[in-house]
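Record features, source TrEMBL:
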{"type": "ACT_SITE", "residues": "A:Glu157", "note": "active site"}
{"type": "BINDING", "residues": "A:Cys113, A:His156, A:His160", "note": "Fe cation binding site"}
Amino acid sequence: MSDALADWKPDVLGVAGRVLPVVTAPDPVLGRPGAEVDPMDPEVVQLAADLVATMRVSPGCVGLAAPQVGVSAQVFSLDVTQHPKTATTHGTFVLCNARVVEASRWRPGREGCMSVPDLTGDVKRAGRLVVEAVLPGTGEAVRIATDAFEARALQHEIDHCAGKLFLDRVAGAHAVYQRKVYL
Amino acid sequence: MNELAITVIGPDRTGIVADVAGALAGVGANLTDSTMTRLRGHFAMTLICTGPTVEAVEKALEPVSADGGLLATVRSVPPEADTEPVGEPYLLSVHGADRLGIVAAVTRVVAAGGGNITDLTTRLTGPLYVLVAEVDLPPGVADDLATALAVAADELGVDVTLRPAESDVL
C-alpha cells in the first residue's frame with residue numbers, strides 16, 4: 001500500500017486545481033466535523049486539486065484541510081518537504097477519510113494555523129504516527145507511518161477534518177500566544 | 001507577618017517591573033507569587049507580598065504612580081489557608097465569534113458544576129474570541145460538565161472543549 005502513496009502525484013487527479021480563499025476562525029465551518037467522502041467522486045477529486053493549488057500559493061503552508069476552504073469534508077493536502085523540522089516525508093499528497101491508528105512519543109510543540117492567523121499555541125502531538133486513509137482519484141487505501149513534523153502536521157489536518165483547531169488542544173491557560181512573526 | 005495583595009496597571013513602557021519591584025524591595029516587601037503580563041498595551045501586575053504595612057507600601061509606590069500613568073492598589077489579605085486541591089485538573093478551551101457574555105456564561109456553567117477556575121486567559125483577535133482556562137473538577141463530574149458546557153456553547157455560538165490536563169512528573 002505504501003507504494004501507492006509513493007507513486008501518487010497531484011497530476012494523477014487529472015484536473016487543474018483552483019486557488020480558493022482560506023476561511024479563518026470564527027467561521028463556523030471550522031468547528032463542524034467533516035463528512036466522509038467518496039474518493040472517486042469528481043467533486044472530491046476537484047477539491048483535492050484545489051487544496052494542493054491553494055496550499056502551494058500560500059507562503060509557509062504545509063497542509064490545508066477542506067474545512068479551511070469552506071468545505072465540510074474529510075480531505076486534506078500535505079507537503080512538509082521544505083520544513084526544517086521534517087525528518088520523514090512522503091512528498092505532496094492528499095488524503096481522504098484519514099484515521100490515526102497508532103500514536104506514540106508525545107511531544108509538545110508550537111503550532112500556528114492559516115485559519116487562526118494571529119495566534120499560535122503549544123500543543124502536545126505524537127512524534128510517531130500511523131495513519132490509514134484513501135487516495136483521491138484512485139481510491140487506493142494507504143497506510144502511512146511517519147514521525148516528527150510530518151506526524152504533527154497530519155494530526156493538525158486530521159483535527160481540522162473533525163472540526164477541531166489547535167486551540168482545542170493547547171497545553172494550558174498560558175499556552176496561547178499572539179503571533180509575532182509572519183511568513 | 002503582613003501579607004499584601006497588590007495590583008498595578010497602566011500603559012506599557014520600559015521599566016515598570018523594575019520600578020515596582022525596586023519600590024517594594026526598598027520597604028522590605030518580599031515578592032512571593034506574582035503574575036505580570038501585557039494586555040492590549042497595558043501592563044498588568046498582580047502580586048502577593050509579605051512584610052511591611054499597607055501604608056508603607058502605598059507610600060513606596062507613590063513615586064511610581066505619580067505621573068498618573070500607573071494605578072496601584074494595596075490591601076492586606078489573610079495568610080494562605082492550608083487547602084490541598086481536591087479536584088482533578090482539566091483544561092477548557094472556548095473559541096468563536098466575539099460577543100458579550102461568553103466568559104460570564106461559560107464560567108457560570110463551570111461554577112454550577114463545582115469546578116474551580118485556577119487560571120484563565122482570554123484573547124480577542126479580530127472577530128475571534130478565545131478563552132483557555134485551567135479548572136479543578138471534583139471527581140466524577142467531568143462528563144456532566146462537558147454536556148452542560150456543550151449546551152451553553154451552542155447557545156453562545158462558540159466551540160468548547162473540556163479535556164484532562166496532563167501533568168508529567170519527571
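Placed from the backbone N, Cα and C atoms, the Cβ positions cover glycine too.
Note that the coordinates shown come from a computational prediction; the quantities given were computed from them, not determined experimentally.
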Other than A:Cys113, A:His156, A:His160, the chain contributes near Fe cation (Cβ within 8 Å of their centroid) the residues A:Gly63, A:Ala65, A:Gln68, A:Glu111, A:Ser115, A:Glu157, A:Asp159, A:Leu165, A:Phe166
Using a Cβ-Cβ cut-off under 8 angstroms and a sequence gap of six or more, which residues of the chain neighbour A:His160 (Fe cation binding site)?
A:Leu30, A:Gly34, A:Ala65, A:Ala66, A:Pro67, A:Gln68, A:Phe76, A:Ser115
Going by DSSP, is A:His160 (Fe cation binding site) part of a helix, a strand, or coil?
helix
Just counting, how many other CB atoms are there within 10 A of the CB of A:His156 (Fe cation binding site)?
23
Around the C-beta of A:Cys113 (Fe cation binding site), how many further C-beta atoms are within 10 angstroms, looking at every protein chain?
24
Given a separation of at least six residues and a C-beta threshold under 8 Å, show me what packs close to A:Glu157 (active site) in the same chain.
A:Gly63, A:Leu64, A:Ala65, A:Phe76, A:Leu78, A:Ala98
